[in-house]
Protein chains: 2
Amino acid sequence: MSHRVSDEVVEWVTEEIRSGHSSRRHDRTIHKVGAPPKQNLLKEIKESVMETFFADKPLRHFKDQPASRKLVLGLQAVFPILEWGRGYNLSKFKGDLLAGLTIASLCIPQDIAYAKLANLKPQYGLYTSFVAPLVYAFMGSSRDIAIGPVAVVSLLLGTMLTDEISNYKSHDYLCLAFTATFFAGITQMALGVLRLGFLIDFLSHAAIVGFMAGAAITIALQQLKGLLGIQHFTTKTDIISVMRSVWTNVHHGWNWQTIVIGLALLAFLLATKYLAKKKKKLFWVSAFAPLVSVIISTLFVYITRADKKGVAIVTHIEKGVNPSSASEIFFSGKYLSSGIRIGLVAGLIALTEAVAIGRTFAAMKDYPLDGNKEMVAMGTMNVIGSLTSCYVATGSFSRSAVNYMAGCQTAVSNIIMSIVVLLTLVFLTPLFKYTPNAALASIIIAAVLGLIDIDAIVLLWKIDKFDFLACMGAFFGVIFKNVEIGLLIAVAISFAKILLQVTRPRTVVLGKLPGTKVYRNIFQYPNATQIPRMLIIRVDSAIYFSNSNYIKDRILRWLQDEDEHRKENSFPTIQYLIVEMSPVTDIDTSGIHAFEDLYKSLQKRGVQILLANPGPIVMEKLYASKLADIIGEDKIFLSVADAVASFGSKAEEV
Amino acid sequence: MSHRVSDEVVEWVTEEIRSGHSSRRHDRTIHKVGAPPKQNLLKEIKESVMETFFADKPLRHFKDQPASRKLVLGLQAVFPILEWGRGYNLSKFKGDLLAGLTIASLCIPQDIAYAKLANLKPQYGLYTSFVAPLVYAFMGSSRDIAIGPVAVVSLLLGTMLTDEISNYKSHDYLCLAFTATFFAGITQMALGVLRLGFLIDFLSHAAIVGFMAGAAITIALQQLKGLLGIQHFTTKTDIISVMRSVWTNVHHGWNWQTIVIGLALLAFLLATKYLAKKKKKLFWVSAFAPLVSVIISTLFVYITRADKKGVAIVTHIEKGVNPSSASEIFFSGKYLSSGIRIGLVAGLIALTEAVAIGRTFAAMKDYPLDGNKEMVAMGTMNVIGSLTSCYVATGSFSRSAVNYMAGCQTAVSNIIMSIVVLLTLVFLTPLFKYTPNAALASIIIAAVLGLIDIDAIVLLWKIDKFDFLACMGAFFGVIFKNVEIGLLIAVAISFAKILLQVTRPRTVVLGKLPGTKVYRNIFQYPNATQIPRMLIIRVDSAIYFSNSNYIKDRILRWLQDEDEHRKENSFPTIQYLIVEMSPVTDIDTSGIHAFEDLYKSLQKRGVQILLANPGPIVMEKLYASKLADIIGEDKIFLSVADAVASFGSKAEEV
């Protein structure tokens, strides 16, 4: 603890003389600690609300504008396409066209495959890739995100829906899927409109990394059904049930023709991925590989009629554009509440993914992205989607990356993709009849492996062990139980971290850096020296009810430890306790009471308390509570150096 | 926002010259920012766990002691009486005897009355005041607390038990009460043993003040039944139901004889309270008043036989010491889970009250109080209590205050009180037969009014409006709904405040105080001046996932606002952004990523980022993540003054 004092007694004395000098020299320029004029209550509340909900000042451009201009600005705020559309030109279109075609080729096989993850028929994946991107293109403000169904949300939806209605071929199951999609949209819109977007920040980056990796492995394991041609497969998603199911089927359940097709395609897809990783310019090889593998394997099955030898195929995809599903949403009845619950969870996860993608690309290209506006766009997209036979759509990591690399300029690439999907729905669905499920399985596996971000996990380990713990908690929760439990663990660990932060803030002992008037943590700066008869402690947090008692007790313990140590080394006892309050942004009534208690305890021990640099809010509350008078205004200083200068010499004299 | 820059251009230049000078003069003594040696993982985790759970270092005295001494110390730790008992003497006993007799006289009528609040027969109140204080005297470390049944916990228990079993005269009701008491004790012990005592700090002082005031009014309103002699009274506790019940009974339900007795006694009790408040020395008048009023009213009813005219009386109190209730606790069956739930809530509330009392008096007399040890003592006391026909006991605000004022020295005063209660149980219970319920009602009203701490509420309003809100939320929740809802509101508001704190930390713009090298918030110190071409921002919080994006966006918005403002006033544009990181105690991976994004955005804008005084943990993570290399080690400074000194002149030259 207090090993710092021991062998610097000589330096102390010189330091002491110096600070005595500086005290006198300093007197000319001593500044009073500023106590700001008392603000009135309404203004205070208004400012606090503004900073919480409107930190980005969304209406700043509206100020002092005529009504007509305000209308235009308002429309542009809701439909950003009206703003960027005016500067749209042919060269931008070229980029968007190329990117749109690329992501379309990638999304069509993925859509068909992901729909299966949600236990829905393949056309629903395509429906989702038609309507959702169109809506987003008009309302969204990210230029790089590629919208559509994604693996993790599909899996989450499939798991949660099957928990409610185990017969996923029933009409009720489909209706519940639309209901969940509708409420996912409502949730997203509500978060945006109520400006509660910051709530999704509570799912930490670390937790998302672990959750995604776990979900990827779970999804990949699920694909063993298609890849190995197993007919009777477990409906559970945890690794133990799946591996047991795979193992019990080994003798008569596996189909070797399927395995050959599946593994060949998987090898092909992974090879293209590897190539794209090595040579960034060849990203299009891996982007088109899924479509190519679908075409090749479909032709192969059609020619060899391998389906008659037990190779499972897609069989049928409904032709035509999205039918209306408005009448199929449960707005009452026993499934309403589960629809709301599933929608809430799926909507939040979808949003987390979309916002993470949006932020990443916005930072790379340095354009502003309004999180709350994005949420409204996502929400509207899913509400409209739920009425037109779509399920929950969001931004896809892999397709957004391809979109970016293919040179997309605006959300027009999403429109292009949407048109291609439309054409597919109208003309091409019969062509997928002989597509083997093994092809879809290998596409999913190749896609989700990209969600396992080993580098990020290593970085978590290096930077922050607690983050690593949250990541692993989410990861193991997902693979050993299910996605919901994984999510729950991730959120719980994230919250535990926040609680720890607010319950056990750091307090450090400061010393003076030789030759300066700077006071720093003596553990970080071993050459910092303490002042005789004084103990300087910095409190590194706002002082609230959740930590006020801890801070008080911790300060008293520092004092006791330090006093014992100084006694052992026969240094003079401590007479002044300086609390450096620069980092204390706020103090509440519990904090004030703790300081009163601290003051009383110190009085009993004959130690005087000095405060250094309390902030404006703290000063206001010190005065409002009369604590400033009790401690004495002459004991409140602008800086630690001032406090030492004023009392350091007195301390010496006593 | 940035109104500060405008009219200080002259001062700027002089400041600039000065800082240029100081730059050169300062170079000799520039200190490197300390990066502490990398700690190993285990040590890091161990330290973090120690600080969280063993912040008070409970085992410090055990270190380097022989085994026999460790045994003695261990016994003393569990039974503090072994420690303080050795120094016990006659003069201390005198104080304790007087205090014990005083609180006994106060507790006997209160016990009988409070048992009614919990819908239990009067003897259970007395049982509780016999066993619980005895156990506490051996295990507790507070010298001033008076143990026994208290009003708020009795009401809470009564409400929650009646919600489960509405027929409170049934044997099941009594068994559930013991079950809840047992699990309240287990909860308290668990919190203490697992060293989770800090969890009760999450119920903020403000919330407790509001909750207590609400509970007091609810309890007082309940007493209108006894005070007005109403026979058919609502079982609900909210103010609206109670007032309606009172009003509908006005014509034939009120009993004027009862009212006369009740109001007369209430007037007497309040008068003695007023007297005690005016003259502190006469506290004993109010301490003995309840007993006196019970004796007088009992005699009065006995002589006039007013009970035959409709004055409700106690009728019967079982004679004899506590019977065993071990066989009456539900350890299985349908009431087990509700027993656990009720016990958990009641145990926590009881603990909150006890710890608040313990801390108050410990601070007044400046002796150490180990919160976790107290919890173990309280828990043991309630577990033993539940086996011996007691219900939940805790420290009583009013009786502890009387105990303190009567000059108690140690927990022996609790033993004295316990013996008096024992004598009462064995010999005196028949004497209470004719005690009118109105007397008990007036005693309760007089007692609980002391729980309404108007001064504290006014102080909350003055110091912290958010605290006031939490207080009022709890208050209105209790009086308009019930104690449980009030508690829930209080906890919810407390948590909302914590979340707000970690989501929207403060960032401030710093300026230089004229004639110093000190940089302070320009809103608190209007004479602080900004440095041309530089913007200095202090972040006042650890940077975690919950706020990293906000902090990044907020810094960019400060930069934009300030840049616009300076452009308008044709000041040079900003080239350097200094982030003062002294208050940033920690940064996690999300925070690192946010800083990377910030760095990229600033690069695009041609602004360089400089860091001032990052702490040891932050430095470690900056290096672990390579962010220190990206930003450049030469851009990390010991202080803002150093950063300005190094780059201020360059900024000028460009």
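Cβ atoms here come from the backbone N, Cα and C positions, even for glycine.
Record features, source TrEMBL:
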TRANSMEM  A:145-161  transmembrane segment
TRANSMEM  A:173-196  transmembrane segment
TRANSMEM  A:202-221  transmembrane segment
TRANSMEM  A:254-276  transmembrane segment
TRANSMEM  A:282-303  transmembrane segment
TRANSMEM  A:342-363  transmembrane segment
TRANSMEM  A:375-394  transmembrane segment
TRANSMEM  A:415-432  transmembrane segment
TRANSMEM  A:438-461  transmembrane segment
TRANSMEM  A:468-496  transmembrane segment
DOMAIN    A:524-647  domain 'STAS'
Count, for each of A:145-161, A:202-221, A:282-303, A:342-363, A:468-496, the Cβ pairs lying under 8 Å from the transmembrane segment (A:173-196), and report the range with the highest count.
A:342-363
With DSSP as the yardstick, break the domain 'STAS' (A:524-647) down into helix, strand and coil residue counts.
63 helix, 21 strand, 40 coil
Stretch among A:145-161, A:202-221, A:375-394, A:438-461 sharing the most Cβ pairs under 8 Å with the transmembrane segment (A:282-303):
A:438-461
Take the transmembrane segment (A:415-432) and find every residue of the same chain, 6 or more past its ends, with a Cβ under 8 Å from one of its Cβ atoms.
96-97, 99-101, 103-105, 107-108, 111-112, 122-123, 126-127, 129-131, 133-134, 137, 146, 148, 294, 298, 314, 317-322
Contact between the transmembrane segment (A:202-221) and the transmembrane segment (A:375-394) (3 or more Cβ pairs under 8 Å, separation 6+):
no
Cβ under 8 Å to the transmembrane segment (A:468-496), counting only same-chain residues 6 or more beyond its ends: which ones?
152, 155-156, 159-160, 202-204, 206-211, 213-215, 217-218, 236-240, 345, 349, 457, 460-461
So what's near the transmembrane segment (A:254-276) in sequence-distant terms, Cβ-Cβ under 8 Å and 6+ beyond its ends?
226-230, 282-283, 285-287, 289-290, 293, 296-297, 300-301, 306, 309-312, 436-439, 441-443, 445-446, 449-450
May I ask for the residues of the chain that lie six or more residues beyond the transmembrane segment (A:375-394) and have a Cβ under 8 Å from a Cβ within it?
78, 115, 118, 120, 124, 127-133, 135-136, 139-141, 147-150, 153-154, 157, 177-182, 184-193, 197, 322-326, 329, 346-347, 350-351, 353-355
Six or more residues out from either end of the transmembrane segment (A:438-461), which same-chain residues have a Cβ under 8 Å from its Cβ atoms?
109-110, 112-114, 116-117, 151-152, 206, 209-210, 212-213, 215-217, 219-220, 223-227, 229, 258-259, 261-263, 265-266, 269-270, 273, 289-290, 293-294, 297-298, 311-312, 314, 397-398, 467-468, 471
